[in-house]
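Here's the structure, in C-alpha coordinates; my notes come after.
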Amino acid sequence: MKLPFIFLITLLIFVSSCTSILINESSDEERTYSFSPTTSPFDPRSLNQELKIGRIGYCFDCARACMRRGKYIRTCSFERKLCRCSISGIK
(Lines of atoms letter the chains of each structure in order from A and count residues from 1; the text may use other names and numbers.)
(Lines give C-alpha, C1' and ligand atoms only; values in the text may rest on other atoms or scores of the structure.)
Protein backbone atom coordinates (compact mmCIF):
# COMPACT_ATOMS: atom_id res chain seq x y z
CA MET A 1 0.00 0.00 0.00
CA LYS A 2 2.84 2.38 0.81
CA LEU A 3 4.76 1.69 -2.41
CA PRO A 4 2.07 2.91 -4.88
CA PHE A 5 1.46 5.97 -2.71
CA ILE A 6 5.17 6.88 -2.59
CA PHE A 7 5.46 6.29 -6.35
CA LEU A 8 2.50 8.57 -7.01
CA ILE A 9 3.88 11.35 -4.79
CA THR A 10 7.31 11.07 -6.46
CA LEU A 11 5.74 11.26 -9.89
CA LEU A 12 3.70 14.34 -8.95
CA ILE A 13 6.78 16.11 -7.60
CA PHE A 14 8.72 15.31 -10.77
CA VAL A 15 5.95 16.56 -13.05
CA SER A 16 5.41 19.75 -11.07
CA SER A 17 9.13 20.59 -11.06
CA CYS A 18 9.39 20.04 -14.83
CA THR A 19 6.33 22.19 -15.39
CA SER A 20 7.67 25.04 -13.29
CA ILE A 21 11.01 24.94 -15.14
CA LEU A 22 9.25 25.11 -18.51
CA ILE A 23 7.04 27.99 -17.39
CA ASN A 24 10.04 29.97 -16.09
CA GLU A 25 12.00 29.45 -19.30
CA SER A 26 9.13 30.55 -21.50
CA SER A 27 8.38 33.65 -19.42
CA ASP A 28 12.04 34.74 -19.27
CA GLU A 29 12.38 34.98 -23.03
CA GLU A 30 12.28 38.48 -24.40
CA ARG A 31 9.79 38.93 -27.14
CA THR A 32 10.34 41.82 -29.50
CA TYR A 33 7.90 42.73 -32.16
CA SER A 34 8.98 45.12 -34.85
CA PHE A 35 6.69 46.91 -37.23
CA SER A 36 7.99 47.75 -40.65
CA PRO A 37 5.44 49.20 -43.09
CA THR A 38 7.38 47.89 -46.08
CA THR A 39 7.32 44.26 -44.96
CA SER A 40 4.06 44.27 -43.03
CA PRO A 41 1.13 42.29 -44.46
CA PHE A 42 -1.19 44.91 -42.97
CA ASP A 43 -3.11 46.72 -45.68
CA PRO A 44 -5.23 49.65 -44.46
CA ARG A 45 -7.41 49.51 -47.56
CA SER A 46 -8.41 45.90 -46.90
CA LEU A 47 -9.13 46.73 -43.26
CA ASN A 48 -11.29 49.65 -44.36
CA GLN A 49 -13.13 47.32 -46.74
CA GLU A 50 -13.71 44.82 -43.94
CA LEU A 51 -15.11 47.58 -41.72
CA LYS A 52 -17.47 48.69 -44.49
CA ILE A 53 -18.65 45.11 -44.97
CA GLY A 54 -19.14 44.76 -41.20
CA ARG A 55 -21.10 48.00 -41.03
CA ILE A 56 -23.30 47.03 -43.97
CA GLY A 57 -23.87 43.57 -42.49
CA TYR A 58 -24.76 44.96 -39.07
CA CYS A 59 -27.23 47.50 -40.47
CA PHE A 60 -28.71 44.85 -42.77
CA ASP A 61 -29.34 42.58 -39.78
CA CYS A 62 -30.81 45.56 -37.93
CA ALA A 63 -33.19 46.29 -40.81
CA ARG A 64 -34.25 42.63 -40.98
CA ALA A 65 -34.98 42.62 -37.25
CA CYS A 66 -37.12 45.76 -37.59
CA MET A 67 -39.00 44.34 -40.57
CA ARG A 68 -39.73 41.13 -38.64
CA ARG A 69 -41.43 43.35 -36.06
CA GLY A 70 -43.31 45.17 -38.81
CA LYS A 71 -41.48 48.47 -38.27
CA TYR A 72 -39.12 50.74 -40.21
CA ILE A 73 -35.47 51.13 -39.28
CA ARG A 74 -34.91 54.37 -37.39
CA THR A 75 -31.24 54.33 -36.35
CA CYS A 76 -28.32 52.07 -37.11
CA SER A 77 -24.94 52.88 -35.54
CA PHE A 78 -22.22 50.31 -36.12
CA GLU A 79 -19.73 52.09 -33.84
CA ARG A 80 -22.06 52.08 -30.84
CA LYS A 81 -23.79 48.80 -31.83
CA LEU A 82 -27.11 50.59 -31.76
CA CYS A 83 -30.17 49.44 -33.70
CA ARG A 84 -33.48 51.22 -33.25
CA CYS A 85 -36.75 50.61 -35.03
CA SER A 86 -39.49 53.18 -35.62
CA ILE A 87 -42.43 53.50 -33.27
CA SER A 88 -45.00 53.39 -36.05
CA GLY A 89 -45.51 50.18 -37.95
CA ILE A 90 -45.23 49.55 -41.68
CA LYS A 91 -48.45 50.57 -43.46
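For all residues, glycine too, the Cβ spot is worked out from N, Cα and C.
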Residue among C18, C59, C62 that, according to Swiss-Prot, closes a disulfide with C83: C62
Given ranges 5-25, 68-88, the stretch to which Swiss-Prot attaches the annotation region 'PRK6 binding': 68-88
Spatial neighbours, same chain, of C76 (disulfide bond) - Cβ under 8 Å, 6+ residues apart: Y58, C59, C62, A63, L82, C83, R84
Sparsest-packed among the disulfide-bonded residues, when each Cβ's other Cβ atoms within 10 Å are tallied, from C62, C83: C83
Reduced DSSP assignment, C62 (disulfide bond): helix
Listed disulfide-bonded residues (C59, C85), ranked by Cβ neighbours within 10 Å, top entry: C85
